[in-house]
Amino acid sequence: MQAIPIKTIGDPSLCDLVDRFQRQYTYLRLSITEVCNFRCNYCLPDGYRPPSHKQRFLNLVEIKRLARTFANLGTEKIRITGGEPTLRKDFLEIVETISQTEGIHKIALTTNGYRMERDIHLWQQVGITDLNISVDSLDPRQFQLITGENKLQSILKGIDRAFELGYKKIKVNAVLMKQYTAAELDKFLAWIKHKPIQMRFIELMETGEMDNFFKTQHLSGQTVMQRLLAEGWRLQPKAVNDGPAKVLAHPDYQGEIGLIMPYEKNFCASCNRLRVSATGKLHLCLFGEEGLDLRDLLLSDEQQPQLAARLKSALQTKREHHYLHIGNSGIRNNLASIGG
């Protein structure tokens with residue numbers, strides 16, 4: 001009888017997903033839909049446009065098989081993304097299914113917060129452990145200008161409700177833009193002074209459909225970092241499983257600032273995540289190839305060994321870093337199809 005090793009939470013030596021550069025992948029970003037109800041000017045300014053051919057997004061059974069296989073290979077955290085994942089009618093069932101997967105210890109959700117005020121208690125009940133909410137402005141008119149939706153107050157109430165329900169820290173994402181976010185830095189700092197929010201400023205990335213927007217709105221995260229350092233904020237040491245964000249803290253603030261700067265040297269050195277699209281394609285990099293189809297190996301439980309072998313084999317082709325610094329964003333026209 002073959003002995004089955006007991007996995008210890010957080011032990012990277014037990015991860016089977018390792019690339020040629022000895023990076024270990026314990027984190028899966030799983031998109032469950034490409035549909036989004038916001039029209040953010042930096043992502044989908046014209047709104048979601050369905051493709052001419054009919055698409056089928058991963059169903060509940062396929063997601064269950066996928067999560068189980070990744071967990072068996074050492075994945076401990078799954079982030080559910082979109083589009084806007086909470087638009088799926090079976091969203092709660094999906095979360096509950098993943099939460100019942102042995103080996104998965106964290107289930108994070110990236111959402112625009114559209115349904116948060118109403119549904120956060122349900123999300124918590126089915127197993128959402130971590131939250132990332134997109135809030136690109138704290139000014140209602142500016143927020144509507146950026147997103148196409150007048151939902152800021154509801155989203156902010158949803159965040160407060162999450163704290164009331166016991167969430168200890170919430171990550172809030174804002175895309176760093178010259179005309180918008182940068183001008184509101186003082187507002188964001190005041191907001192997090194007495195709230196345990198990690199306010200993450202994500203540097204605008206150049207994608208195929210948004211070249212002109214990038215040229216007019218891109219602002220280096222270093223600009224923000226230098227200001228914060230001058231005001232007494234201090235860079236925090238990174239833990240082994242931390243992502244690419246550079247986190248700053250200040251003794252007078254309950255919240256933190258996170259800066260995600262993909263154009264920085266060595267940005268990819270700490271990569272620990274793989275992505276699967278809503279249509280079942282494995283993406284080794286946010287700015288990479290067309291993706292490797294996995295759906296033919298999600299038809300039955302008996303295919304798990306073949307699926308695991310395909311994942312491990314594909315990982316050996318992962319590049320050491322992206323090529324954004326030379327203007328190559330791969331095939332990515334926008335980030336809505338894979339959730340960033």
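Note that Cβ sites are derived from N, Cα and C of the backbone, with glycine treated the same way.
Per Swiss-Prot, domain 'Radical SAM core' is recorded for 20-246.
Residues or ranges marked as GTP binding site by Swiss-Prot: Arg29, Arg79, Thr110, Lys171, Arg273, Leu274, Arg275. DSSP assigns Arg29 (GTP binding site) to a strand. Residue environment of Arg29 (GTP binding site) contains 21 other Cβ atoms, counted within 10 Å of its Cβ in all protein chains.
Annotated [4Fe-4S] cluster 1 binding site per Swiss-Prot: Cys36, Cys40, Cys43, in sequence order. All chains included, 20 other C-beta atoms sit within 10 angstroms of the C-beta of Cys43 ([4Fe-4S] cluster 1 binding site).
Secondary structure from DSSP puts Met205 (S-adenosyl-L-methionine binding site) in coil. Marked as S-adenosyl-L-methionine binding site by Swiss-Prot on the basis of sequence analysis: Tyr42, Gly83, Ser134, Met205.
If you draw a 10 Å sphere around the CB of Cys285 ([4Fe-4S] cluster 2 binding site), it holds 18 other CB atoms from the protein chains shown. Look at Swiss-Prot and you will find Cys268, Cys271, Cys285 tagged as [4Fe-4S] cluster 2 binding site.
Comment: S-adenosyl-L-methionine site residues Tyr42, Gly83, Ser134, Met205; largest CA to CA distance 17 Å, whole number. For the pair Cys40 ([4Fe-4S] cluster 1 binding site) and Arg29 (GTP binding site), the C-alpha distance works out to 21 angstrom.
Binding-site extent for GTP: residues Arg29, Arg79, Thr110, Lys171, Arg273, Leu274, Arg275, maximum pairwise Cα distance 20 Å (rounded to the nearest whole number). A 10 Å radius around the C-alpha of Cys285 ([4Fe-4S] cluster 2 binding site) takes in these binding-site residues out of Ser134, Lys171, Arg273, Leu274, in sequence order: Arg273, Leu274. Using Cα positions, the member of the binding-site residues Tyr42, Arg79, Lys171 nearest to Cys36 ([4Fe-4S] cluster 1 binding site) is identified as Tyr42.
Its Cβ taken as reference, Cys36 ([4Fe-4S] cluster 1 binding site) is surrounded by 22 other Cβ atoms within 10 Å in the chains shown.
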